[in-house]
Amino acid sequence: MKALAKLKKEPGIWMIDDAPMPEYGYNDVLIKIKKTAICGTDLHIYNWDKWSQATIPVPMITGHEFAGEVVAKGNGVTSVDVGDRVSGEGHLVCGQCRNCRAGKRHLCRKTIGIGVNVQGAFAEYLVMPAVNVFKIPDSISDDIASTFDPMGNAIHTALSFNLTGEDVLITGAGPIGLMAVKIARFCGARRIVITDINKYRLQMARDFGATVAVNVSEFQNQQQLTAQMRKVMSEIGMTEGFDVGLEMSGINSAISMMLDVMNHGGKLSLLGISAGDISVDWGAILFKGLTLKGIYGREMFETWYLMTSMLQAGMDMEPIITHRLHIDDYQKGFEIMKSGQCGKVILDWSR
């Protein structure tokens with residue numbers, strides 16, 4: 001079968017035509033891939049950075065954001081049928097640890113990821129445990145369903161705390177941060193401020209409903225950034241601080257600024273992964289009585305339920321998809337993603 005694979009321990013991802021068909025077992029589902037989306041993780045693997053070098057076995061079929069159709073299933077599978085449109089949870093868990101047995105599978109200590117630790121979705125076919133497969137409602141397109149993984153990250157991050165009537169600060173306007181703007185606006189946030197250095201994505205954030213989108217590339221240090229944020233807060237009528245912070249960047253200065261401008265009793269969801277150690281003002285956390293929650297992946301499957309329910313209720317995520325390409329043009333897709341001048345890039349395997 002055709003697949004995109006990491007074949008060498010160097011930058012790049014390569015198309016192959018002779019990847020072996022995956023074999024499915026008693027509790028597995030065989031999925032014919034229709035659409036995939038390129039994730040930031042895929043860029044790390046493409047670029048072969050330090051994280052990838054330490055994590056990714058080679059050779060490896062990459063990719064974990066997908067939509068497809070069930071074409072076969074094991075004899076023990078009753079939850080889906082051949083012909084069902086599906087996406088799937090890319091985190092595979094042990095099912096036996098304390099958290100898994102308590103229904104908190106997103107906290108499994110032994111989590112592994114498709115396209116990272118085991119063969120992934122950038123292929124014509126994917127095998128996945130039936131328990132990880134999620135049926136796509138008829139009203140949701142394959143394109144949108146292929147972005148369920150990052151959208152689920154945004155849902156999990158944003159809905160960890162109440163947003164209705166709250167002032168929300170989002171640091172990082174990548175695709176997940178942009179989705180968080182949509183979610184916060186849909187949930188009735190009062191003011192939404194987002195920060196980034198990417199002018200293209202900051203304009204997308206404004207189009208998505210952000211009250212203010214701040215270009216932080218203009219500021220030399222965290223003190224200047226905090227001063228500018230306080231000016232923005234004053235201009236939009238904020239007399240205290242932000243009630244909820246959604247940290248999507250993993251950047252030290254962004255996190256420090258967020259702590260500075262949070263209201264007392266504020267709540268922070270932290271999704272962004274840092275390339276190194278982070279230094280923060282511990283006193284600000286203590287004396288402001290802040291609540292911090294680390295986010296990894298999606299709650300299985302409450303996040304998926306909330307996500308599809310909100311889409312069916314009218315939350316419009318279509319604008320997050322800015323480019324659609326045939327799989328044969330995957331190199332162009334990766335170049336577009338690397339440029340940052342995009343939202344989500346979809347690769348079509350069905351034509």
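Glycine is no exception: its Cβ is also placed from the backbone N, Cα and C atoms.
Taken from Swiss-Prot, the feature Zn(2+) 1 binding site applies to CYS39, HIS64, GLU65. In the three-state DSSP scheme, GLU65 (Zn(2+) 1 binding site) is classed as strand. In the structure as shown, the Cβ atom of GLU65 (Zn(2+) 1 binding site) sits within 10 Å of 29 other Cβ atoms.
According to Swiss-Prot, the active site, charge relay system annotation covers THR41 (among others), on the basis of sequence analysis. Under the three-state DSSP scheme, THR41 (active site, charge relay system) falls in the helix class.
What Swiss-Prot records for HIS44 (among others) is active site, charge relay system, and it gives sequence analysis as the kind of evidence. Of all Cβ atoms in the protein chains displayed, 18 besides its own lie within 10 Å of the Cβ of HIS44 (active site, charge relay system).
For CYS94, CYS97, CYS100, CYS108, the entry in Swiss-Prot reads Zn(2+) 2 binding site. In this structure, CYS100 (Zn(2+) 2 binding site) is part of a helix by DSSP. For CYS100 (Zn(2+) 2 binding site), the count of additional Cβ atoms within 10 Å of its Cβ stands at 19 [all protein chains shown].
Look at Swiss-Prot and you will find ILE176, ASP196, ARG201, LEU271, GLY272, ILE273, ILE295, TYR296 tagged as NAD(+) binding site, backed by sequence analysis. The secondary structure of ARG201 (NAD(+) binding site), as reduced to three states from DSSP, is helical.
The shortest Cα-Cα distance from ARG201 (NAD(+) binding site) to any of the binding-site residues (HIS64, CYS97, CYS100, CYS108) is found for HIS64. Among the binding-site residues listed here, namely CYS39, GLU65, CYS94, CYS100, CYS39 has its C-alpha nearest to that of ILE273 (NAD(+) binding site).
According to DSSP, ILE176 (NAD(+) binding site) sits within a helical segment. Same-chain residues with CB within 8 A of the center of the CYS39, HIS64, GLU65 CB atoms, the Zn(2+) 1 site residues themselves not counted, are THR36, ALA37, ILE38, THR41, ASP42, GLY63, PHE66, GLY90, GLY115, GLY120, ALA121, ASP149, PRO150. In this structure, the C-alpha atom of GLU65 (Zn(2+) 1 binding site) lies 18 angstrom from that of ILE295 (NAD(+) binding site). The Cβ neighbour count for CYS94 (Zn(2+) 2 binding site), using a 10 Å radius over every protein chain in view, is 14. Take the mean position of the Cβ atoms of CYS94, CYS97, CYS100, CYS108, the recorded Zn(2+) 2 site; other residues of that chain with a Cβ within 8 Å of it are VAL93, GLY95, GLN96, ARG98, ASN99, ARG101, ARG105, ARG109, LYS110, THR111.
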